[in-house]
Amino acid sequence: ASGGIGEPLSLLLKQSPLISQLALYDIAHVKGVAADLSHIETQAHVTAHLGPGELAECLTGANVVIIPAGLPRKPGMTRDDLFNTNASIVAELIDSCAKNCPKAMICIITNPVNSTVPIAAEILKRHNVYDPKRLFGVTTLD
């Protein structure tokens, strides 16, 4: 929630009248983002969850999970390099989603989306909670 996509996305979600609870998760800096967002007067209550030890608490009872996690593609980095790093991040997050919020709508922004979404689907299938109407890849062409 504290990266280049997660932070502005958190701001937009905080401002939405459809959001009552906004649970932010990251491996660094998330408490500062949550503190900044808490100063915005909306109905959404913001909580911060830092590191793998707080992931289950963050996801428990979630209706919607948005995953912008991972490294951005850097100059000289191949899509294979990007995949090797980001696939394991998505796999860990989806595994926790399957256990803690199996009925949540899951939106994956992590690149390469055409590879991370199928990985997520397979993990959800392994946990017997896969619903193709609840898993989305969110992307744009650049």
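Using N, Cα and C of the backbone, Cβ positions are placed for all residues, glycine too.
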Which of Asn100, Asn111 belongs with Arg73, Arg79 in the substrate site listed by Swiss-Prot: Asn111
Record-annotated NAD(+) site (Swiss-Prot): member among Asp26, Asp36 besides Ala1, Ser2, Gly3, Gly4, Ile5, Gly6, Asn86, Ile109, Thr110, Asn111: Asp26
Between Arg73 (substrate binding site) and Asn111 (NAD(+) binding site): CA-CA distance (Å): 8
Nearest of the binding-site residues (Ala1, Asp26, Ile109) to Arg73 (substrate binding site) - Cα to Cα: Ile109
